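As recorded in TrEMBL:
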type	residues	note
ACT_SITE	Cys97	active site, nucleophile
ACT_SITE	His212	active site
BINDING	Arg131	substrate binding site
DOMAIN	8-219	domain 'CobB/CobQ-like glutamine amidotransferase'
Amino acid sequence: MAQKLILRICYLYPDLMDTYGDIGNIIALKKRCATRNIKVEIVNKSLNDKIEKDKFDLFFFGGGQDKIQILVGKDLQKKRENLINSIEKGAVLLSICGGYQLLQKYFRTVSGETIKGIGLFDAHTEGSDERMIQNLWIDLSKNIKDEIKEIYPTVDKKQLTTDLIGFENHSGKTYLGKNLKPLGTVIKGAGNNGEDKTEGIRYKNAFGCYLHGALLPKNPHFADYLIAKALERRYGQIKLEPLDDSIEWQAHKAAIKRT
Ligand code: GLN
C-alpha cells in the first residue's frame, strides 16, 4: 500500500496576524491536501508558545497592523532559533505583509518605532506616508517557474501559469539585501517598495510577499508548489497531478481583469 503522506503545518499567530482573508491560505492548503489524500496536521502558535525543533514542514505567517507587530515582534525573538533552524533544514514558509516584515532585519514604522525582526530574510522595511493599496500582479522569478514545472510532469509546460495575483495594503517599503532574489517582478501594483519593481523574497524554501487576498485559493499552482516542497523534505521528490481548478482559475483571471 502506498505510504500515507502527512503535512505538518504551523500557523503563526492566527489570533493576531490575519488580515484580508489570510486564513484562506490555510483553508486552501488543507483542502488541496485532503483532495489528494494527504493528511494535514495544523498547530497554531501564538504569544509565549514554543516552536518545537524540526517538527513542522510548512509555516504560515499572515499580516497585521503596526501596533500588533510590536507585540508579535518581541515574542517572535523567542521563537527565532527553532524557526530559523527549521528553514535552514528545508522547511517551507509563506509569510505575508506584516509577517514578512517581522522576518526581516527590522521594520521602522511611519511613527518612528523600530521593530526588530529575526533576520531570516536579508531585507528591511521603512514605513512611509504612502499607502500602497490595490491588486498586485506579479510574474514569478524564473527559478520558481522552473520548479513549478518540475512538480507537474504531466502538464504541458506552455500551459502552466507563472504569475501570481493578490491584494496589497501596506505603508512599509521593503528593500532587499544584495544576495537575495525576489519572489517575482511587478506587472501591476507596488510590490516591495513601489520603486524597483521587485515583489517579495525567497530564501531557501521561505517566501515573503505582500500578496493578501487570500493568495493561495486563487493561485493554485503556487499552493501546490508549497505543498510539494514541504513534503519533499521527508518523502523525497514529489510530483502532483493538477486538480480540477476551473473555479480557482476563474477567480485568478477575474482578479487580474480588475487590476
Ligand atoms: N503594518 C504593515 C504596513 O502597513 C503591514 C500591513 C499588513 O500586514 N497588511 O506596512
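Yeah, the Cβs are placed from backbone N, Cα and C, and that goes for glycine too.
Sequence features annotated in TrEMBL and their locations in the structure.
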residue : record                   : Cβ neighbours (10 Å)
Cys97   : active site, nucleophile : 28
Arg131  : substrate binding site   : 13
His212  : active site              : 24
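For the pair formed by the residue listed as 'active site, nucleophile' and the residue listed as 'substrate binding site', distance between Cα atoms is given as 13 Å, rounded to the nearest Å. Cα of Arg131 (substrate binding site) to Cα of His212 (active site): a distance of 15 Å.
Confidence for the domain 'CobB/CobQ-like glutamine amidotransferase' (8-219), expressed as mean pLDDT, is 96. The secondary structure of Cys97 (active site, nucleophile), as reduced to three states from DSSP, is coil rather than helix or strand.
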